[in-house]
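Dropping the structure in here first, questions after.
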Number of protein chains: 2
Amino acid sequence: MMRTRPLKVALLGCGVVGSEVARIMTTHADDLAQRIGAPVELAGVAVRRPSKVREGIDPALVTTDATALVKRGDIDVVVEVIGGIEPARSLITAAFEHGASVVSANKALLAQDGAALHAAAEEHGRDLYYEAAVAGAIPLIRPLRESLAGDKVNRVLGIVNGTTNFILDKMDSTGAGYQEALDEATALGYAEADPTADVEGFDAAAKAAILAGIAFHTRARLDDVYREGMTEVTAADFRSAKEMGCTIKLLAICERSKDGASVTARVHPAMIPLTHPLASVRGAYNAVFVESDAAGQLMFYGPGAGGAPTASAVLGDLVAVCRNRLNGATGPGESAYAALPVSPMGEVVTRYHISLDVADKPGVLAQVATVFAEHGVSIDTVRQQGKDGEASLVVVTHRASDASLSGTVEALRKLDTVRGVASIMRVEGE
Amino acid sequence: MMRTRPLKVALLGCGVVGSEVARIMTTHADDLAQRIGAPVELAGVAVRRPSKVREGIDPALVTTDATALVKRGDIDVVVEVIGGIEPARSLITAAFEHGASVVSANKALLAQDGAALHAAAEEHGRDLYYEAAVAGAIPLIRPLRESLAGDKVNRVLGIVNGTTNFILDKMDSTGAGYQEALDEATALGYAEADPTADVEGFDAAAKAAILAGIAFHTRARLDDVYREGMTEVTAADFRSAKEMGCTIKLLAICERSKDGASVTARVHPAMIPLTHPLASVRGAYNAVFVESDAAGQLMFYGPGAGGAPTASAVLGDLVAVCRNRLNGATGPGESAYAALPVSPMGEVVTRYHISLDVADKPGVLAQVATVFAEHGVSIDTVRQQGKDGEASLVVVTHRASDASLSGTVEALRKLDTVRGVASIMRVEGE
């Protein structure tokens, strides 16, 4: 049964992703109509530079007035691929007020104002879908909020930023330093001119907030996510990792506490064993591990960015939202009923790899070990290397809270025999 | 907003999966109610042996009359985890006729009669969901039919049977023969007493039929799937694979033809490069690669069987189906509009690894190469090994149709200098 009157789509933004969305809507129009049960029509495209030639898009559809477009009243679905907080937030809110459902790829906005946007969608009985906001083409939001809806997710652990994975992979495989690897990523178009959002972990942290919210049925915002970038990871860190049979990845980690009463969300570089499936995720690919009570360990892998992959996720949402509209229904909205508190980083429990520069004389190891013991941090292995009166101590701990580890490190720095703390890195994925 | 009147669920079958479904429905009742928007109540459990004690299930709910249960008229969702064709088919049909939606884990039935069951669901305006039928807990059906609904899938390539993957992994890692590895799988509970459905590829073929249907929006049945089991894979095949930098997996492969006008579906053992992500799928795990126009390469990985993982998939469907019911809507039904023909195995194009026992005398290679050339099969590499008047020739071909390869092999067998064809194996994943 096919409805002949088309559903009208307004596209906000026509860059790398938006132009792919428009292209696929045109070239695959028949398939989309069959899968939705009605044709979809591109009713308007809001851009900043209307003079730019956009192949395959009727110039009559192009406008610079995004606000007027979303307020037209005849728009069924607004696709927002502008990014950033404003004007995206106002446009999405206006879209709901004027009867449209929304498909967005905007991780920053969802991580900051997801609750308010979901509330606006619900108030107006409309859908807000955003599969493309996390891990590009990889189906992750839908599996978490629908496939695992009858399960209890305990942990989400993933590589959700392709730029930093490209850089770290390059450092791992060539021994290059951070700057050299970043330069190559920039030259190849994997890193932006200003790479801050990627390398400082802001992008991954936004995704972690979204994932924690959905996985734990709890509100989590960007501010709730502990964040450490990967600009201080060195070639020496990779050598240390190799000695441990590990590599280094920038991980987003969302965990339910052991007693189930709270959750944590964090982004930081970490060592993971080479035997862990995430260790072999190469280049700009993304992959996310999900651990749940009944399903066990699942992994989702694919391209985490790029115009076409992101457009694939946007269009999957578009089909779902259009189908919901024809059904007079809505899909799952925000689910925050569990309302678990998000604990601070100090309560996170994990393992640590610590490199210390110490004086090469008897009794240093005993002193250092005492400090660990006093802070309740149990040592797994220690390796000593000495030369010319200087020595290094590499300590790998058992599981301990981040607060205990911080206390330990602070005390270590005060020891006369400790010249410096060369590096501290968390060890995950065991 | 929570509805207080519960949705009523009838459970058909209470074995490994069914008992887990019942357990989670009880222990996670509050979470399920929150996620659905209404409580769900186990209204009846149909079993064959009512006298068996079932922990946590009210004996008053247990019945041997499954037909009466599905016909009660007050059942909202029937969960079918009996398996097999009958009585499951009649019960599901009766469920639709009496107003229930259905969640099933029954791959054999879906692969044989999916079209008729979908038609019955649609006729009565009800849902038929079956995530658990393919690759256990791994979200695969939903990503294919919803997340990728705006994309064009070209290929699905996966390990979808845990028993055979356990056996092949064991053969690979220990050098064991098939029987020895099967015995271990049986002892550990990974293989059933009668392992035919697994080792002869029937189970994987049913899953391939379901995947091809959904991926290509086309009807595909078990009969459309070419099937070769893995009982004839030998330790020598693994040695050959290793020499090529490969391992051997039982793969389910669904492909769209290059011109897009037809599809193929097949299950057989194949060599794949060790660098392919599927090569490192160990033990009884499953993993499925999906290749599409826009998204590129995606992989889904997880436990492919087991009571709890399968129950996770069943319960995800249960939540979705219950939500649809509260919405007065249905999810995506069968999508077979593309109606592409399923081509026979002869039209499949891939690469081949062929071991020949030949006479050790001059001119044999020239003879053999001529036969390949006459059948239009281009040779990539040849390796000759001779001893005591006997020799072996290992030929790896470029891409060729299965029909051309069959013709080549038939002609080779007729050569006086060819003593025998020791093995033929397809090479995939490049």
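For all residues, glycine too, the Cβ spot is worked out from N, Cα and C.
As annotated in TrEMBL:
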type     : residues                                                               : note
BINDING  : B:Leu12, B:Gly13, B:Cys14, B:Gly15, B:Val16, B:Val17, B:Gly18, B:Ser19 : NADP(+) binding site
BINDING  : B:Lys107                                                               : NADPH binding site
BINDING  : B:Glu192                                                               : L-homoserine binding site
ACT_SITE : B:Lys207                                                               : active site, proton donor
DOMAIN   : B:353-426                                                              : domain 'ACT'
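Can you tell me where each of these features sits in the structure?
In the shown protein chains, 24 other C-beta atoms lie within 10 A of the C-beta of B:Cys14 (NADP(+) binding site). Following the DSSP three-state reduction, the secondary structure of B:Cys14 (NADP(+) binding site) is coil.
In the three-state DSSP scheme, B:Lys107 (NADPH binding site) falls into the helix class.
For B:Glu192 (L-homoserine binding site), the same-chain residues 6+ apart in sequence whose C-beta sits under 8 angstroms from its C-beta are B:Thr163, B:Thr186, B:Asp198.
A simple way to gauge crowding: the CB of B:Lys207 (active site, proton donor) has 31 other CB atoms within 10 angstroms, across all the protein chains here.
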Taking the Cβ of B:Leu12 (NADP(+) binding site) as centre, how many other Cβ atoms lie within 10 Å?
26
What's the CA-CA gap between B:Cys14 (NADP(+) binding site) and B:Lys107 (NADPH binding site) in angstrom, rounded?
17
With helix taken as DSSP H, G or I, strand as E or B and everything else coil, how many residues of the domain 'ACT' (B:353-426) land in each class?
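Computed counts for the domain 'ACT' (B:353-426) are 23 helix, 35 strand, 16 coil.
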Considering the binding-site residues B:Val16, B:Val17, which residue's Cβ sits among the greatest number of other Cβ atoms within 10 Å?
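The most densely surrounded of these binding-site residues is B:Val17.
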What does the structure give for the C-alpha distance between B:Gly13 (NADP(+) binding site) and B:Lys107 (NADPH binding site)? Integer Å is fine.
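Just about 15 Å between their Cα atoms.
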For B:Ser19 (NADP(+) binding site), what is the tally of other C-beta atoms lying within 10 angstroms of its C-beta?
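Taking every protein chain into account, the count is 21.
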List the other residues in this chain whose Cβ sits within 8 Å of the Cβ centroid of the NADP(+) site residues B:Leu12, B:Gly13, B:Cys14, B:Gly15, B:Val16, B:Val17, B:Gly18, B:Ser19, in sequence order.
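Apart from the listed residues, the neighbours are B:Leu11, B:Glu20, B:Val21, B:Ala22, B:Val81, B:Ile82.
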Expressed to the nearest Å, what is the distance separating B:Gly18 (NADP(+) binding site) and B:Lys207 (active site, proton donor) at their Cα atoms?
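B:Gly18 (NADP(+) binding site) and B:Lys207 (active site, proton donor) have their Cα atoms 20 Å apart.
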